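Participant: One structure is given below, represented as structure tokens, and several questions about it will come after.
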Amino acid sequence: MSTTTAIDDPAGLKTTRQRNNQPQQSEIPLPSPSISDVDSDSNKGDDHRDAHVKKAYGRTPDGTGMHTLLSPSQTHDMVSQLLDPREPKNLSDYIVLGVLALHIWLAWAVPAPYNKYLLGFAFTFWRLAYNAGIGYLLTVQSKYTLLVTWARRLRAFEQPATNPRPWLYNLLKTELETKIPKDYKMDEAPIEYNTWLAFRRIVDLILMCDFVSYCLFAIVCAHTPEDEGLGMLLGRWVGGIALVGFNLWVKLDAHRVVKDYAWYWGDFFYLIEQELTFDGVFEMAPHPMYSIGYAGYYGISMMAASYDVLFISIAAHALQFVFLAFVENPHIEKTYNPPPPRLRAESEIGSQTEADALVTKELNGNSDIPQPVHNMIGSFDLFRVTDASSLIIVACFIALTVVTPTTRTYQTLAVVNAIFWRLWYSVGLGYILKKQSEKKMYTRHFLKFGESTGEAWRQWKGLYHISMILCHVSFLTACWKMYTYPEDWSYGSVLLKHVIGVSLIALQLWTSSSIYESLGEFGWFYGDFFFESPRPPTYNSIYRFLNNPERVLGAAGFWGLALITWSKAVFVMALVSQLLMLGFISFVEKPHMQKIYGQNLRKEAGLTKFVKKSLPAPVKRWQQGVDKVLDETKHFAEDFIDAALTRLSAGSSNFVKDTTALFHKPLRLSINRIDRDLAGYDPKHYKLSVEGEQLIAPDEKATRKESADARVPKDVKTKVFQYGAPIRVKWTAPANHSKKDWVGLYLVTDNRNRDFTEVPSLGRWIPTCRGQYDTTTDEGIVSYDEKVKSEGVEGPLVQGEMVFEGDKLWWTQGVYEFRYHHHGKHNVMSISEPFEVRIPLVVKEGTELTIEEAENALLPIVRNCLDRDPEIAPETVDEPWGAHVERDGKYAERVVYAIREMFAIEFSPAVVPADGNVKKLAWRVVNGRIALAPYSMSLQSRRPPTPVADSYK
């Protein structure tokens, strides 16, 4: 039920995501059978997680942090469970079948066109129930184990003797044990496994209704277009049946590989002790159940000949990718790709790749100097000449395109201009790279004038980037000139051509994004032509399936634009772009790769290997003969070209903007303004006290800007705590207080009402007692409900203690307070004294700062920003911080905010993971202040303090 993430694999033999076993917290030995790539869904992800074995072994975390050994029972897919008369049936099966029958009856009984609207609404409902509903349940289970917590709180699987809901226990026992009659007993299985089996019944209902409502919607929308010829009719049905058949094969092969464990997102509940292998459909495409696994939707759309079906299919397909990005991928990253342990020695710092480290050394000549983090791609900056030039070029092209008339002359000029820049981008830059590979021509030019290799690299990146912009913008402007807005969108295949064209453009953008994600800045700009590569090639991301994805998919957008414009000239431009791209790969990239990597290059990509394995024996023998002839012909052609002329080359790289928006919404409490059961609770019996790490003493608050009286030290009680330091809260309440009471942290200015909290806590809250909410909210509870002496108070009192740290804190300066709330609501029973969280100003603007001072000031604040976690936070200025800093941007945001307040200098968050330790960060701070010193506006060091007359005492 999840997606596959590739790992570096030079040999290309094991290119799937490496599955990291859970920490060995138990000494019980477990078998480790092989496992294949897993998929998710009846339309789900593609993680290889189940085994080709009859019995698998897994672990579920229990309350002590150890793991319980379990042996998952044999289960069956939902279709056979529902429709196979040999499989036992229970109440939930009959409910699902009844709902499906209701859908079929509605399609038959409701007259047209109302049945189409009704079924379209039904499919939309079930699709949202899948992507939003199941997605929400899986997200809270992954983050907070909330489904298991709900089951435990309801006592759903407890014996009737102690269960307040015996009817629920009996219902679940009958439901689950009926489906698995052989090797499953609900009373003996862990609660995580039982919860997963119950969750499956909900999934069965949603997925079956989703599929049936879609098919019924397609049936009621199906029609035969007017004036459709026999050829088009046969083409539609043959193509549609082929796509549906292919989709069916993808699903069956995926289920063969993953079984029910991954099909129903089993690893959100427990983990199986197995390793991943790479098999079947998962060798064909990335995320096959999200990509090629939806081919059947478009096959059904073809057979129905309905744009309504096509558009609803595209929307449903897009929602699956949203589900992948926001539900499955975060869980996979968390479960199978945890950050590596923090390195302890400076020599082991791994915050930058070997390639980037090599470039940094060449650029700076000193490995101790932090590497640049201002990448060319994905960080547009008008202060950089390359980006400013690109913006001006694009603006000029747009202006010329808009103001000039759409005549044949200007259309011709636009097409010629586009072809010229394509030739320059492919042939011109290809020639430069070819000579750079053979003789280091580009680098030698800069060395001749006393420049460095780093300067040559920087100039090349700018040249390549601007050339890429010119190539693609000129192509787009030519398409604009050749495009004619349709007068009738329903005429012929106008709408279909636009849909396919936009899809091809999206495919090229995704391909470019995947290539950049895999290669990085170094590979995107052909860094191995300028620097010796420190490692063999890796095959992850899209390269896991294709050796040269740009060869096949890199020009998809050009053909999409050709379809949209339906212009012969644009078709010619697309063909020229495709041919030049193939030439660039053959005559520039491939020879250079052979030269520097040699035998380390992979012979066949995943898709090629899969296709060859699937061929019958006679076809394999014929294919081998054809390969031999093609190889001989190719060698002859290469020798002929070498002897006849200087080989020029062509190539293409596609502009990509790597954007990822992962929105993390902290846990919230719903606001209920009125609580009816406050009677009997006296706010005077509730109390909060706060303790933390003091930043400054009270008498340090006086400066010479106050009057003379104000400068006299007072008994100031306001507490000032360190930024990011843990804060301990002690509470006192009556012994009969609600177990769902909770304490939240707020800015003093956020709430005007002292009796009721007006704003949500946004995750900054902790319950007073354990076990009342999900497990993650209990983090921070130190003690609770400890009896205390209650002199002069009616009734006994209890007390507890909690610690707010990490994400429970607000990571901005300000004046805060804690509020004690009653029974899970927002009625306030007590408010703590206000306290301030402040970052000390280490050095004022315009004054000098040494590296040692910067290091000493940064180390404690950086440790606070990294939650003082031993796996993340360094102990010394030389130690690197953990890999979590690079994965989770919140840590870098905290650090750069603190630096801005401490040193009056602003950095991008990207510098924090790039620097890797406090020493390099301090070097950057000091040198940044030195660079800004001549422009400092501070007059504080030159002007006397504000005078105060003693006569005004």
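For all residues, glycine too, the Cβ spot is worked out from N, Cα and C.
Feature table excerpt (Swiss-Prot):
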REGION    1-49  region 'Disordered'
TOPO_DOM  1-93  topological domain 'Lumenal'
COMPBIAS  18-27  compositional bias 'Polar residues'
TRANSMEM  94-114  transmembrane segment
TRANSMEM  118-138  transmembrane segment
TOPO_DOM  139-201  topological domain 'Lumenal'
TRANSMEM  202-222  transmembrane segment
TOPO_DOM  223-229  topological domain 'Cytoplasmic'
TRANSMEM  230-250  transmembrane segment
TOPO_DOM  251-279  topological domain 'Lumenal'
TRANSMEM  280-300  transmembrane segment
TOPO_DOM  301-306  topological domain 'Cytoplasmic'
TRANSMEM  307-327  transmembrane segment
TOPO_DOM  328-384  topological domain 'Lumenal'
TRANSMEM  385-405  transmembrane segment
TOPO_DOM  406-412  topological domain 'Cytoplasmic'
TRANSMEM  413-433  transmembrane segment
TOPO_DOM  434-459  topological domain 'Lumenal'
TRANSMEM  460-480  transmembrane segment
TOPO_DOM  481-490  topological domain 'Cytoplasmic'
TRANSMEM  491-511  transmembrane segment
TOPO_DOM  512-568  topological domain 'Lumenal'
TRANSMEM  569-589  transmembrane segment
TOPO_DOM  590-953  topological domain 'Cytoplasmic'
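Structural setting of the listed features?
Facilitator: Cβ atoms under 8 Å from those of the transmembrane segment (118-138) belong to residues 103, 106-107, 110, 147, 199, 202-203, 206-207, 209-210, 213-214, 216-217, 220, 265, 268, 308, 312, 316, 319-320, 322-323, 326-328, 331 of the same chain, restricted to positions at least 6 beyond its ends.
When Cβ-Cβ distances below 8 Å are used as the criterion, the transmembrane segment (202-222) is approached by residues 41-43, 78, 81-82, 92, 95-96, 99-100, 103-104, 106-107, 112, 115-116, 119-120, 122-123, 126-127, 129-130, 133-134, 137, 264, 297, 300-301, 303-306, 308-309, 312-313, 316 of the same chain, each at least six residues removed from its ends.
Outside the topological domain 'Cytoplasmic' (223-229), and at least 6 residues removed from its termini, the chain residues within Cβ reach (under 8 Å) are 304-306.
Here the transmembrane segment (230-250) has long-range neighbours at 224, 281, 288-289, 292-303, 305, meaning same-chain residues at least 6 beyond its ends whose C-beta is under 8 angstroms from one of its own.
Across the topological domain 'Cytoplasmic' (301-306), the model assigns an average pLDDT of 93.
Taking Cβ pairs closer than 8 Å, the transmembrane segment (307-327) reaches residues 3, 41, 43, 45, 116, 120, 123-124, 127-128, 130-131, 135, 138-139, 142, 214, 217-218, 221-222, 287, 290, 294, 297-298, 300-301, 495-496, 499, 662-663 in its own chain, all 6 or more past its ends.
Cβ atoms under 8 Å from those of the topological domain 'Cytoplasmic' (406-412) belong to residues 478, 481-482, 569 of the same chain, restricted to positions at least 6 beyond its ends.
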Participant: Spell out yes or no: are there three or more C-beta pairs under 8 angstroms between the transmembrane segment (413-433) and the transmembrane segment (569-589), with each pair 6 or more apart in sequence?
Facilitator: yes
Participant: Any chance the transmembrane segment (460-480) and the transmembrane segment (94-114) have 3 or more Cβ pairs under 8 A, given the pairs are 6 or more apart in sequence?
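Facilitator: Contact absent: fewer than 3 Cβ pairs fall under 8 Å.
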Participant: May I have the DSSP-based helix, strand and coil counts for the residues of the topological domain 'Lumenal' (512-568)?
Facilitator: 35 helix, 0 strand, 22 coil
